[in-house]
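Copied from Swiss-Prot, the annotated features are:
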type    : residues                                                               : note
BINDING : Thr17, Gly18, Ser19, Ile20, Asn47, Asn130, Glu132, Gly211              : NADPH binding site
BINDING : Lys131, Ser157, Glu158, Ser182, His205, Ser218, Asn223, Lys224, Glu227 : 1-deoxy-D-xylulose 5-phosphate binding site
BINDING : Asp156, Glu158, Glu227                                                 : Mn(2+) binding site
Amino acid sequence: MMTGKSAPRRLSIFGSTGSIGQNTLNVVDHLGGRENFEISVLTGSGNVELLARQAKSSGARLAVTANDRHYESLKSELSGTGIAVASGKSGLMEAADRDVDWVMAAIVGTAGLAPTLAAARRGADIALANKECLVSAGDLFIAAIREGGGRLLPVDSEHNAIFQVLEENQRHAVERVILTASGGPFRTASLRDMADVTVETARAHPNWSMGLKISIDSASMFNKALEMIEALHLFSLRPEQIEVIFHPQSIIHSMVGYTDGSVLAQLGAPDMRTAIGYALSFPRRPNLPVERLDFAKLARLDFEAPDEVRFPALRLARLAMTRGGVQGAVLNGAKEVALEAFIEGRLSFLAMAEVTERVMDDLAGLPQAAGMDDVFAADREARQRAAELMTLAIAE
């Protein structure tokens, strides 16, 4: 009997010009490129030249810039290639409407919400790197995944680690999940020292190479706070089942504790291609050119309980999870405004959490989200309130 080669898997990469998107294309190339995969859509924002190069080299059918102002530039870059071009919110929704098997959802911020939910409802497997989908709209996003019938494959290294060691037929026996954090550049800093943190010192992550905003989020532990809320929705957990531990070597990416006292951990060198490759190849494991652990050279693995006085973002995550509703969206929206103010020199490092908590308290009475409009409204209110609080503080 003759057996034909299976058709290439159809992929869309939302946010292809970012770090996750570039690493995804790298993994696709390593796993056979066009022989095994068909790139349907690539989306980016301001880096038009890179987006155009990616579209040409991958053979993408559609290239989308999220910024309408860059439409003509992208169209000019891709003139004569046969690659379709679109832009703005409508372009992102056109991208989401493509019939594909797998979507890398790596658009940063709330801009990624609508297209990722739409792709989920169409039934594509979603490799999720966008935090806002679960932090701001967790219940709605999980419902969209169930409606479409696709699989939700986490790409954050911590959630991907849990996904790898979570025994599907033993979910009832999960006692806790333990998210690891390096502790960032201020793991051992005093509260007094943290009051004088600058943007340059905050962006210097000890183990991972990341963009400016996510580096600062990691330094303040807001990134870990968002990951706690994500884990709640991803794995159907209760807030009290989610723990955070500092692990400065970043070798253990997360752990799952079971009712019999066993703890299963996923270890590996800090390289995002491992999580991306696993999400792309699931349920199989790919052969990737990443560093192999040499346990003889590791020497030691250290762990410390985080100090929530110096890192209050972790406490705010628990507060948001306990309150529920749109508190995740409020936390994220307020934090984004505070982060911008810190980068611009208008707010201190420690004050980011103070502003965020004030906004969460002020908007604790907002109703449960019935749809995405409610999520976006909560996000807007949080951002407006955060801006007002900072204006009042400056005036005083």
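Backbone N, Cα and C atoms are what each Cβ position is placed from, and that goes for glycine too.
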Alpha-carbon distance [Asp156 (Mn(2+) binding site); Ser19 (NADPH binding site)] in Å: 12
Rounded Cα separation (Å) that holds between Asn130 (NADPH binding site) and Asp156 (Mn(2+) binding site): 9
Neighbour count (Cβ, 10 Å) for Gly18 (NADPH binding site): 21
Separation of alpha carbons, Asn223 (1-deoxy-D-xylulose 5-phosphate binding site) and Glu132 (NADPH binding site) (Å): 11
Binding-site residues (Ser19, Asn130, Asn223), the one with most neighbouring Cβ atoms at 10 Å: Asn130
Integer Å distance between the CA atoms belonging to Gly211 (NADPH binding site) and Asn223 (1-deoxy-D-xylulose 5-phosphate binding site): 13
Residues Thr17, Gly18, Ser19, Ile20, Asn47, Asn130, Glu132, Gly211 [recorded NADPH binders]: greatest CA to CA distance in Å: 22
Binding-site residues: Thr17, Asn47 - member with fewest neighbouring CB atoms within 10 Å: Asn47
DSSP-derived class (H/G/I helix, E/B strand, else coil) of Glu227 (1-deoxy-D-xylulose 5-phosphate binding site): helix
Thr17, Gly18, Ile20, Asn47, Asp156, Gly211 screened against Glu227 (1-deoxy-D-xylulose 5-phosphate binding site), Cα within 10 Å - retained binding-site residues: Asp156
Residues close to Mn(2+) site centre defined by Asp156, Glu158, Glu227, Cβ within 8 Å: Pro154, Ser157, His159, Asn160, Leu179, Asn223, Lys224, Glu230, Ala231, Ser254
Cα within 10 Å of Lys131 (1-deoxy-D-xylulose 5-phosphate binding site) - qualifying binding-site residues among Thr17, Ile20, Asp156, Gly211: Asp156
Cβ atoms near Asp156 (Mn(2+) binding site) (within 10 Å, other residues, all chains): 26
Distance [Cα-Cα, Å, rounded] between Ile20 (NADPH binding site) and Asp156 (Mn(2+) binding site): 10
